[in-house]
């Protein structure tokens, strides 16, 4: 056995901290412009509509889904510094492109689409980050390191909009540098700031990051990616096949976890506008506060789960996390009798009875013909009559919504970090780049399909169908977890090299 030297230990953890920073910057790159994409898009290209905005938001996840397996494969055979530097450089270039999308005279929206897709492509380095952390930590260190990684990602998502808010002080006009053809304003400053952070990240990768690998027991061993760095001692514990049933099951579970959270994030604004008659501004403001609180809650959960997992094990915590998410969505089901406010019903002198049976309600075509007086400038609020379910589906009370937010904010981070940790342990000491790439890709696919699910099921069938289907999906994932429960063990435990 090779005892790890103090110098090796310090170098290994310095490199892991650089990976934490890379994960943080990756999530900042997504969230730092998310609040300003729509007004910037309208400013640079008036031909863009809301459906195109959906494609721009989705392009990040599509780019990440494509890139993750590719960067993962690259990191399996070459020094990880290469894909890390190249992916970060792509993100830097994409952010600079985003700052210049106003320059062309036409098709500006397509340049913005390309820029966001390339930022997502660069974020495919998440697979490299997680595979490195999995290989550079022992089993006892793994859960804590994965929790820290997820916490850095969560903090990035929280601070991104904060940075954006600070840059709004520059204003829409800002400063124009004609010799650079650059407008430095509230839309371009955040991405240029993100590009600067990316350059700093590249410098730190060259200056501090080193290839390190330890086996499940923490013994130093040679990395296939080392390119001359690290120990010359080979790991003798790589023999044995990976349990692909467990691998596929964890990919499915991870997809479900990110899918239900993407649905939750996407549905928050339309749901609260429909149920509580909030204006667009109120919905964005209040839900922004709620999501920020959930983000802080998630960071606390990441820290607690590191301690809790040592006593109960990752599988039990994953099971509990899924149950909490199930309860959170179950609470969101409409249970009462009171119907939501219908847009403009007060104009007809309350001619739509709140508690009237469906067959007694005014015909849908006459509801749709309701118009405001020409001198009325207020924004329509309430549940739109174009959603026929508004006429017969009970409202979801604010207490239900807040309770659900708290529970989902508790269950999601638990499921997220436990699924990553179990996945890395099941894969064992062999290079994990490709497998981590597929896991990241499955999460990106979930973030693409979640908003599509909301736009179709919720809009046409309403919250009762949407949340019932989500509950069904979570129940199915719990059954899958029960089936594969005994297979979700570490590679070394499976082959009798370590005690569970």
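Glycine residues also receive a Cβ, built from the backbone N, Cα and C atoms like all the rest.
Under the heading domain 'Major facilitator superfamily (MFS) profile', TrEMBL lists 15-489.
For 17-40 (among others), the entry in TrEMBL reads transmembrane segment.
Taken from TrEMBL, the feature transmembrane segment covers 52-72 (among others).
Residues annotated as transmembrane segment in TrEMBL: 84-101 (among others).
Proximity of distant same-chain residues to the transmembrane segment (113-133), defined by a Cβ-Cβ separation under 8 Å and at least 6 residues beyond the stretch ends, is recorded for 15-16, 19, 22-23, 26, 29-30, 37, 52, 55-57, 59-64, 66-72, 74-76, 80, 83-84, 87-95, 97-98, 101, 142, 145-146, 149, 420, 424, 431-433, 435-437, 439-440, 444. As annotated by TrEMBL, transmembrane segment applies to 113-133 (among others).
According to TrEMBL, the feature transmembrane segment maps to 154-171 (among others). Remote same-chain partners of the transmembrane segment (154-171), defined as residues 6 or more beyond its termini with a Cβ less than 8 Å from a stretch Cβ, comprise 23-36, 184-186, 189-190, 193, 288, 292, 295-296, 298-299, 302, 413.
TrEMBL lists 191-209 (among others) with the feature transmembrane segment.
For 245-264 (among others), the entry in TrEMBL reads transmembrane segment.
Annotated transmembrane segment per TrEMBL: 284-305 (among others), in sequence order.
The feature transmembrane segment is assigned by TrEMBL to 317-336 (among others).
The transmembrane segment annotation in TrEMBL covers 401-423 (among others).
Counting only same-chain residues 6+ beyond the ends of the transmembrane segment (435-459), those with a CB under 8 A from a CB of the stretch are 54, 57-58, 61-62, 64-66, 68-73, 120, 124, 126-128, 130-131, 134, 242, 247, 250-252, 254-263, 265-267, 270-271, 387, 420, 423-424, 427, 465-466, 469. Annotation source TrEMBL lists transmembrane segment at 435-459 (among others).
Summarising the annotation, TrEMBL assigns transmembrane segment to 465-485 (among others).
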The transmembrane segment (84-101) vs the transmembrane segment (465-485): three or more C-beta pairs under 8 Å (separation of 6 or more)? no
Which residues of the same chain, at least 6 past either end of the transmembrane segment (284-305), have a Cβ under 8 Å from a Cβ in it? 143, 147-148, 150-151, 154-155, 157-158, 161, 265, 268-269, 272, 278, 317, 402, 405-406, 408-410, 412-414, 417-418
Kindly say whether the transmembrane segment (465-485) and the transmembrane segment (317-336) touch, using the definition of 3 or more Cβ pairs under 8 Å where each pair is 6 or more positions apart. yes
Mind checking which residues reach the transmembrane segment (245-264)? Cβ under 8 Å, same chain, six or more beyond either end. 318, 322, 325, 329, 408, 412, 415-416, 419-420, 422-423, 426-427, 435, 438-439, 442-443, 445-447, 449-451, 453-454, 466, 470, 473-474, 476-477, 480-481, 483-484, 487-488
Distant-in-sequence neighbours of the transmembrane segment (317-336), which means Cβ under 8 A and at least six residues beyond its ends: 253, 257, 260, 264, 305, 308-309, 393-397, 400-401, 403-408, 410-412, 414-415, 418-419, 422, 463-464, 467-468, 470-471, 474-475, 477-478, 481, 485
Within the predicted model, mean pLDDT of the domain 'Major facilitator superfamily (MFS) profile' (15-489): 81
